[in-house]
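Visitor: What follows is a single structure, and I will ask about it in a moment.
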């Protein structure tokens with residue numbers, strides 16, 4: 001019997017202007033996946049789920065429908081076909097959910113990435129992370145019906161990741177300033193990813209597209225040159241944020257509070273309802289978080305929220 005534990009942290013997709021093509025990882029919180037290797041096959045599939053905690057019973061226990069087990073099944077198929085590793089044993093999977101579901105924090109991507117690094121370690125590391133990330137992306141299809149990479153890629157690789165192309169997949173990791181801090185606030189409501197995608201326009205004007213492209217390019221430049229002022233100017237989303245903001249009570253009040261407290265920029269984390277803000281110091285990031293939480297709690301709905309302050313995670317998914 002051999003046991004390996006994988007960990008992958010929360011991620012923030014879109015990063016305001018980079019809808020479906022940009023995301024980054026933070027250091028905490030994150031999901032843990034514990035895999036135990038048994039020599040003898042138990043059941044029809046080579047993977048079974050023995051335990052899921054932290055999900056309130058919401059996640060499927062069927063290995064073909066749960067993101068973490070689904071990606072391990074795909075990984076095992078791949079190494080049999082492409083690496084000559086014919087796995088005859090059985091893997092028991094335990095998932096510890098530390099990320100809230102439907103939160104905009106890359107919950108499904110974290111589970112998939114953690115499971116994959118653990119499975120890769122268990123099998124003797126036959127794959128590199130660029131190979132593994134393809135399975136994590138497919139895991140998103142199981143979770144929300146769309147194989148988007150803006151959470152899966154940074155969850156696996158760390159840092160900021162730009163998805164230049166989906167067909168074929170072409171990922172570019174982007175370094176970021178050491179003193180760039182993220183404040184992430186999660187109000188205690190849910191926004192389903194599938195629904196948040198359904199409210200988006202199917203077509204946009206050339207004028208809107210041009211404005212969005214300009215912000216994406218400028219944001220990348222700001223990250224590469226540690227130009228915090230440019231980073232802040234570029235965190236403008238003219239496509240998704242206007243349509244998704246009504247799904248988050250008090251979004252503009254919270255955003256205003258963050259900017260007034262010193263944040264260089266603020267937007268919706270992924271599909272929401274979490275909101276993120278960037279600051280250039282941990283002290284400012286903490287002050288921004290307090291202001292955002294206060295803004296949520298003083299709404300008519302008096303929303304409670306959780307908060308995390310974190311630098312950008314440079315490593316990505318790892319074995320712990």
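Every residue gets a Cβ built from N, Cα and C, even glycine.
According to Swiss-Prot, the record shows the following:
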{"type": "BINDING", "residues": "100, 101, 102, 103, 104, 105, 106, 107, 108, 109, 110", "note": "ATP binding site"}
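Tell me about the setting of these features in this model.
Guide: In sequence order, 190, 191, 192, 193 make up the list of same-chain residues 6 or more apart from residue 102 (ATP binding site) whose Cβ falls under 8 Å from its Cβ.
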Visitor: Taking the Cβ of residue 104 (ATP binding site) as the centre, count every other Cβ atom within 10 Å, in any protein chain shown.
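Guide: Step by step: centre on the Cβ of residue 104 (ATP binding site), count other Cβ atoms within 10 Å, giving 29.
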Visitor: List nothing but the one residue from 100, 106 whose Cβ has the fewest other Cβ atoms within 10 Å; the candidates are the binding-site residues.
Guide: 100
Visitor: When you measure from the Cβ of residue 108 (ATP binding site), how many other Cβ atoms are you left with inside 10 Å?
Guide: 27
Visitor: For residue 108 (ATP binding site), what is the secondary structure by DSSP, using just helix, strand and coil?
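Guide: Looking at the DSSP assignment, residue 108 (ATP binding site) belongs to a helix.
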